[in-house]
Amino acid sequence: MELRVANANGSCENGSIVSLYCSSQEVLCQIVRGISPEEPYNATLITWQERVRKKYGFYIGVGLAFLSCFLIGTSVILKKKGLIRLVATGATRAVNGGYGYLKDPMWWAGMATMSAGEVANFGAYAFAPATVVTPLGALSVLISAIFSSYCLGESLNLLGKLGCVICMAGSTVMVIHAPKEEKVTTVAEMASKMKDTGFIVFAVLLVVSCLILIFIVAPRYGQRNILIYIIICSVIGSFSVTAVKGLGVTIRNFFQGLPVVRHPLPYILSLILGLSIIIQVNFLNRALDIFNTSLVFPIYYVFFTTVVVASSIVLFKEWYTMSAVDIVGTLSGFVTIILGVFMLHAFKDLDINQISLPHTHKNPTPAPAPEPTVIKLEDKNVLVDNIELASTPSPQQKPKVFMTDS
């Protein structure tokens, strides 16, 4: 069997027609993309990868975000149980600078689960915009709230369950209205955006505020105010998200055959990511050691998401290409998620369930106040008539005279 190739016009430019002859069969092919000898051998594979990414990349990113939420929500429970066991042994607590939890297998199981969740989160940021992946973290709040009621004995009443449903509704709205296209595709573009003056000023403000919280505010008020440790974790978390996003672009460019190994940005981002994870784990353990899990995680999610979305707006400018309807929809979804998280936390101590709900009544209307007793002053004639004599007065007794003023 002989295969012959013939070109009608003698040109190999894009759009040219090439004929393939095999025995008595003829096939006409059109050149869509030419590959020069200088291009890498996997250029055809790159084209296929790009087609798959453009068509399914957004949904792959959302799926990885859901998986990440499940793993991270579970890891919080495991780490909390490890910290509880540490307190039971009498060792130095994490909030007091102790690191005894490093010897607890339950805590390490939580760290392993969280690492797997972060890997899935890493992949999600590589495929989907940060304004989609980060708000979906509300589902990890939902998962931790459900598991904490079964594993840690923390109650989840009817309003808490309703808050979970509201979180899922808000996440769905955000996914529908979030930007589908990612504008940063190369390491050079990522480096150019990080050199932008607006992002540099924003990053400097975050670093300065974080240093003030760590070295001045946290030693004095960290054990009394839950917001101190959570704000530190949230601010540092925004840098970790930026680093993950940049490393995701680096990995894609590496498999596309682009020269990214010699670029300094991947190494800088790796250093930022490592430092961010260490600081986050340290202060998140302190918050979990003192405060309730159902209190720490929802508040942490709200602050973390707010800072990350602000960072995404400054760095990637993903919102600039969105329509007004999508912007309003995304903000509405985010506010809905915050309301759901608020319901999870604010009403967690109320004893409200499906059984007691029908018997819940409004406070009864208070009875009207009784009228004040009015003492009516009698006149002198009535007073005289009402005098009762104990007995008939004897002649020796002097008469009693009552004086009344008229």
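Cβ atoms are placed via backbone N, Cα and C, with glycine included.
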>> Same topological domain name for MET194 and ALA324 in Swiss-Prot, and hence the same side of the membrane?
In response: yes
> So, do the transmembrane segment (198-218) and the transmembrane segment (296-316) meet, by the test of 3 or more Cβ pairs under 8 Å (sequence gap 6 or more)?
Replying inline: yes
> In the topological domain 'Extracellular' (285-295), how many residues does DSSP assign to helix, to strand and to coil?
Replying inline: 9 helix, 0 strand, 2 coil
>> So, taking each listed stretch (127-147, 156-176, 264-284, 296-316) in turn and counting its Cβ pairs to the transmembrane segment (327-347) that are under 8 angstroms, which one gives the highest count?
In response: 156-176
